[in-house]
Amino acid sequence: MKIGVFVPIGNNGWLISTHAPQYMPTFELNKAIVQKAEHYHFDFALSMIKLRGFGGKTEFWDHNLESFTLMAGLAAVTSRIQIYATAATLTLPPAIVARMAATIDSISGGRFGVNLVTGWQKPEYEQMGIWPGDDYFSRRYDYLTEYVQVLRDLWGTGKSDFKGDFFTMNDCRVSPQPSVPMKVICAGQSDAGMAFSAQYADFNFCFGKGVNTPTAFAPTAARMKQAAEQTGRDVGSYVLFMVIADETDDAARAKWEHYKAGADEEALSWLTEQSQKDTRSGTDTNVRQMADPTSAVNINMGTLVGSYASVARMLDEVASVPGAEGVLLTFDDFLSGIETFGERIQPLMQCRAHLPVLTQEVA
């Protein structure tokens with residue numbers, strides 16, 4: 001099973017709590033995180049894109065770096081780990097993304113790929129005057145389908161004459177082209193999103209579900225497998241989890257309860273409000289899960305809380321789910337979390353038994 005790190009491009013990572021570590025996103029922090037992840041044989045690093053935060057006492061995600069420029073920098077200071085940036089497709093023409101991706105392919109030596117997102121948080125785009133109207137909620141995957149067709153033209157042949165409802169290319173050129181086939185990933189959880197991933201993505205991200213229920217996402221992975229069978233493609237699921245680990249189950253649980261007790265209710269209210277704006281995409285979208293009050297303090301990603309041995313066992317359970325090809329991990333404290341993962345958790349995982357046991361990286 002592949003292991004990736006979801007780097008904290010926004011302040012405070014993925015914990016919406018006054019009791020969680022409070023920090024600003026910087027290149028130096030993310031450089032340290034990704035280099036440490038590479039040392040411990042993580043397979044990939046991904047950054048999201050966020051253009052407006054949730055506010056509240058913690059100013060959650062009010063402070064964000066930009067994904068492509070961050071990952072270009074990280075590509076230059078790593079050598080093995082795969083690097084993925086996220087394109088907010090309403091903000092960037094596909095021909096520009098094609099050229100930026102080809103550039104980072106050159107920087108990384110063929111280790112780069114692109115995560116495509118349609119955009120769900122209306123204020124991110126409204127503040128710039130580029131929100132296309134609420135009809136977009138029901139047409140966003142039509143838009144993304146044309147977008148990726150332009151990308152594939154340009155990466156594959158260096159030229160596009162695509163004509164569609166959203167994009168018109170007139171002998172559009174991009175050169176140099178990527179040195180290897182460019183990976184495209186997506187995070188579709190709705191039926192429309194999964195249909196898109198089945199047709200165009202190399203793999204699909206989905207949320208884990210619940211606390212210490214590592215296989216609860218299995219129905220989502222099964223839906224992705226079924227969608228891919230319709231297109232005759234192999235599109236695996238990569239599952240998002242937060243790891244909160246300590247020497248004992250009780251110590252880890254105490255940390256989790258402490259974070260929940262400090263939940264930033266004002267920021268969470270903003271998230272709930274935004275999740276209700278899309279009335280056209282159905283009830284199975286990512287943002288609906290993010291805003292569920294059950295565990296909104298970490299946007300309801302699957303959460304693995306326990307001793308190092310318990311977390312290793314649960315991750316092996318994740319690997320046993322049909323269609324699950326990898327996990328994307330976040331941590332309550334990224335630097336110490338990756339270190340303890342690499343030294344105390346990964347060596348206990350059967351699905352990572354092929355890797356050497358490593359000790360702390362020497363600076």
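Glycine residues also receive a Cβ, built from the backbone N, Cα and C atoms like all the rest.
The FMN binding site feature in Swiss-Prot is assigned to I49, K50, N115, E124, R140, Y141, S190; the stated evidence is sequence analysis.
Annotated features, which come from Swiss-Prot, shown on the structure.
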{"residue": "I49", "record": "FMN binding site", "Cβ within 10 Å": "23"}
{"residue": "K50", "record": "FMN binding site", "Cβ within 10 Å": "23"}
{"residue": "N115", "record": "FMN binding site", "Cβ within 10 Å": "20"}
{"residue": "E124", "record": "FMN binding site", "Cβ within 10 Å": "20"}
{"residue": "R140", "record": "FMN binding site", "Cβ within 10 Å": "24"}
{"residue": "Y141", "record": "FMN binding site", "Cβ within 10 Å": "23"}
{"residue": "S190", "record": "FMN binding site", "Cβ within 10 Å": "19"}
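Residues listed for FMN, I49, K50, N115, E124, R140, Y141, S190, cover a largest CA to CA span of 21 Å.
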